[in-house]
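Peer 1: This is the feature table in TrEMBL:
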TRANSMEM  26-47  transmembrane segment
TRANSMEM  53-72  transmembrane segment
TRANSMEM  106-126  transmembrane segment
TRANSMEM  138-159  transmembrane segment
TRANSMEM  171-187  transmembrane segment
TRANSMEM  193-213  transmembrane segment
TRANSMEM  317-334  transmembrane segment
TRANSMEM  360-379  transmembrane segment
Amino acid sequence: MNVDVDALFRERQKRFFEEVVRYSQYVANGGLLFVVLFLMGLLGLYYRGLVDMIPAWFPMQYFLAFIVAIVVTKSSHRTFLLEADLLFLTPLETKMHSYFQKTQRYNFFIQSIGLFLVLLLFSPLYELGLRTTNGQLWFYWCVPFVIKGWNLYSSWICLRLPDKSRVRQYTLARFAFSFFVLTWVFGEGRLLTYQGIPFAGLLCIVLVVWFHLRLQAIKKKHSLQWYRLLEVEKGLRSRFYRIVNQFKDVPWLQNEVKPRAWLIPVTKLVTYRQANAAKLLFLRTFIRSSGYVGLYIRLILISSFLILILPNLYAKLVIALLFLIMSAIQLKGLSSHHHKRNMYALLPINEQQHKHAFRWIRRVLLATQGTVSLLFILIF
């Protein structure tokens, strides 16, 4: 079977872009974009003042290296694969090299945008905190992109490994190496320098050679893991669909259920009886479905951190209000979570109980977040 892999890539990419644009309109119309832009403007007013508040003893070099190392190490691989490809494209694996090269260039371009935004956000910290010169700024802006490209290539090769634990080990090794290199670069080459000899630079060269030899051995020994590539692609799509699902119902979204046993005792706070069936259903859905409790906790942590560092009382109150709005928007998807699964046909829940239970859990969650924010405002 003859397949034009270049045309196949262009078709898959075009179809994906059309889907992203279509669903992004729902996200933009949901009010979240306005909240995020307002939040960015508010933080921009206080950003310079927050930078000046950083004490001289703060290890800026290691802090920046740690943050940037996380960004460059996290390498997701979108391949636009479909389930049918396991049948039709696996026999053509030897001809798919050009296709996967294009996906890697696409991934580097997309992820470089996020890296650029992170570097832009922390550039005042680098310039003012480390008192850098224009020449050193070139290293700040260029080296992370080189390391990002290396991480993408390395993680792509490591996906061939059949053992997921070994993939995680290589991920940890890539993070340690990236952190070491960035610490050396952001520290102007002073790390492990003795009598003018840059031992850190020599160690970097040795580690690069070691990684290269290991990656070549993996490439020769293992072929592409198509099922894993499809699993990664499904995970990326599900993550996007979960975001969109907060604003527009996505019927083909496959929700991942997680045990989260450490949160199940929370359900004991609601009396187990028929009248509370809807409340228990919503509470368990919030806890065990992917995309709800994780984002809710992250919003609380981020808002608490911003309240902690902002000096103005009114700014703290605005931050608390904005994050309450963001949580309320995020919880909208919980209302229709079970409609397309006919869960209510299995439980004694009518429409009125459904609406009452949703208002109850939304009220409880927003009140909890508001209480945490208020405590941080009063204490700090």
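Numbers here mean position along the shown chain, with the first residue as 1.
Here the Cβ of each residue, glycine as well, is placed from N, Cα and C on the backbone.
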Peer 1: Using a Cβ cut-off of under 8 Å, list the residues of the same chain at least 6 residues beyond the transmembrane segment (193-213) that approach it.
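Peer 2: Same-chain contacts beyond the ends: 154, 173, 177, 180-181, 184.
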Peer 1: Pairs 6 or more apart in sequence, C-beta under 8 angstroms, 3 or more of them: is that satisfied by the transmembrane segment (53-72) and the transmembrane segment (317-334)?
Peer 2: no
Peer 1: In terms of Cβ proximity under 8 Å, which residues at least six beyond the ends of the transmembrane segment (360-379) contact it?
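Peer 2: Beyond its ends, the transmembrane segment (360-379) has Cβ neighbours at 279, 282-283, 286, 296, 299-300, 303-304, 307-308, 313, 316-317, 319-320, 323-324, 327-328, 331, 334.
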Peer 1: Could you tell me what the rest of the chain brings near the transmembrane segment (171-187), counting residues at least six beyond its ends with Cβ under 8 Å?
Peer 2: 61-62, 64-66, 68-70, 72-73, 126, 130, 139-140, 143-144, 147, 151, 154-155, 158, 198, 200-201, 203-204, 207, 211
